[in-house]
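Feature annotations, reproduced from Swiss-Prot:
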type	residues	note
DOMAIN	47-368	domain 'AB hydrolase-1'
ACT_SITE	S159	active site, nucleophile
BINDING	R229, D363	substrate binding site
ACT_SITE	D329	active site
ACT_SITE	H362	active site
Amino acid sequence: MKRSVNTAPQKDVFVFRDGLPLDNGGSLDGIRIAYRTYGALNAEASNAILVCHALTGDQYVADPNPVTGKPGWWYGVVGPGCPIDTNRYFVICSNVIGGCMGSTGPRSPRDPALPDDAAGVELWGTDFPSLTIRDMVRAQKKLIEHLGIARLFAVIGGSFGGMQALQWAASYPDAVFAAIPIATASFHSAQNIAFNEVGRQAIFGDPNWNGGGYWRTGHMPERGLAVARMVAHITYLSEQALARKFGRRVRRDGMGGETAANLFGEMFEVESYLRYQGGAFVKRFDANSYLTITRAADHFDLAEEYGGDLAAAFAGTKTRFCVISFSSDWLYPTAESRHIARALNRVAANVSFVEVTSDKGHDAFLLDEPDFHRVLNGFLEGCADHAGLAFNGFGGGSALLRVEAS
């Protein structure tokens with residue numbers, strides 16, 4: 001059978017046979033979690049950091065991605081001598097369940113005993129159960145226990161990963177010494193949901209969609225998935241970043257396939273860029289996984305089970321928090337991070353809030369932002385001192401701005 005998306009090598013995979021209870025009332029059996037680790041776990045198992053990936057990320061946070069060949073998505077942030085220093089910390093990153101890089105998801109066999117590449121295997125497809133971020137975190141907790149870690153030194157994540165970090169702190173406060181939610185929110189807004197729905201409708205409208213059974217034909221809904229990625233990618237940028245990188249510059253080389261260039265003899269550089277991003281995305285991601293994960297994000301509302309009171313989700317927490325936002329992020333604007341910080345202040349949590357000035361938009365946390373790196377390192381240094389992990393400072397250390405979220 002022709003496979004529509006490459007998958008990661010099964011080098012680090014944890015399989016647990018016991019059923020994972022899901023928030024929808026069902027369960028998922030024979031779950032596989034693909035993960036990577038960096039650094040060494042100390043004798044006390046007290047130096048472990050869980051890094052949670054963003055919406056379409058994966059476990060390859062610091063080493064080359066086997067599908068794209070590109071460096072890890074947080075290369076330069078995670079590694080020896082980096083802000084998340086693997087000479088000091090044992091760093092774990094797993095592919096969320098519902099994903100398509102080795103963890104159980106829509107592209108997995110219905111029969112968990114069968115390998116993905118078994119001839120004629122029936123995949124989950126659109127019958128894969130709906131998931132919540134809490135389900136994903138529940139599976140991560142199983143992995144952490146499997147690794148012999150009772151308490152994580154820190155949980156860190158940006159965007160969709162930040163939601164996972166918040167869920168960890170709410171669901172397992174005794175298992176998290178520090179949490180760093182970055183460029184994120186405690187719930188998905190109507191605008192967030194709207195952008196995701198445009199992407200989903202593009203996938204549904206692709207002629208290869210086949211009711212979600214495209215894997216039977218070997219023809220993936222590439223055009224629809226590419227458009228979904230293009231729409232989403234716009235939200236990751238800022239107007240300033242787009243103006244600086246592209247402005248109104250035009251390409252006249254006729255490249256880009258079926259585009260305005262063929263109709264009008266030219267194409268804006270930003271059009272070419274978005275088409276490139278869409279084309280690259282379909283080579284590494286699965287459409288059904290995209291649907292599963294975006295719906296999980298849309299249904300995220302940490303305060304919902306507490307009657308809309310976000311502070312109640314963190315009542316009594318001993319976890320230390322550093323909430324970080326970026327000034328030009330309009331996908332998860334600073335107001336969302338302030339909302340989280342205020343809720344934590346209401347329960348007298350140990351919380352620091354920092355807005356990093358940047359014109360790079362939501363994706364700033366993935367880019368070269370020295371101020372962000374200093375904040376991240378500075379907070380980890382302080383937490384390490386309080387936890388009894390004595391390390392020398394990275395790059396001379398840094399001052400962490402602590403403000404009240406008024």
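Numbering starts at 1 and runs along the chain as it is shown here.
Placement of Cβ uses the backbone N, Cα and C atoms for every residue, glycine included.
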Cβ-based isolation winner (fewest other Cβ atoms within 10 Å) among the recorded positions D329, D363: D363
Pairwise Cα distance for H362 (active site)/the residue listed as 'active site, nucleophile' [Å, integer]: 8
Residue pair S159 (active site, nucleophile), R229 (substrate binding site) - Cα distance, angstrom, rounded: 16
Cβ neighbour count (within 10 Å, all chains shown) around R229 (substrate binding site): 22
The residue listed as 'active site, nucleophile': secondary structure state under DSSP, collapsed to three categories: coil
D363 (substrate binding site) and D329 (active site), distance between Cα atoms, whole Å: 8
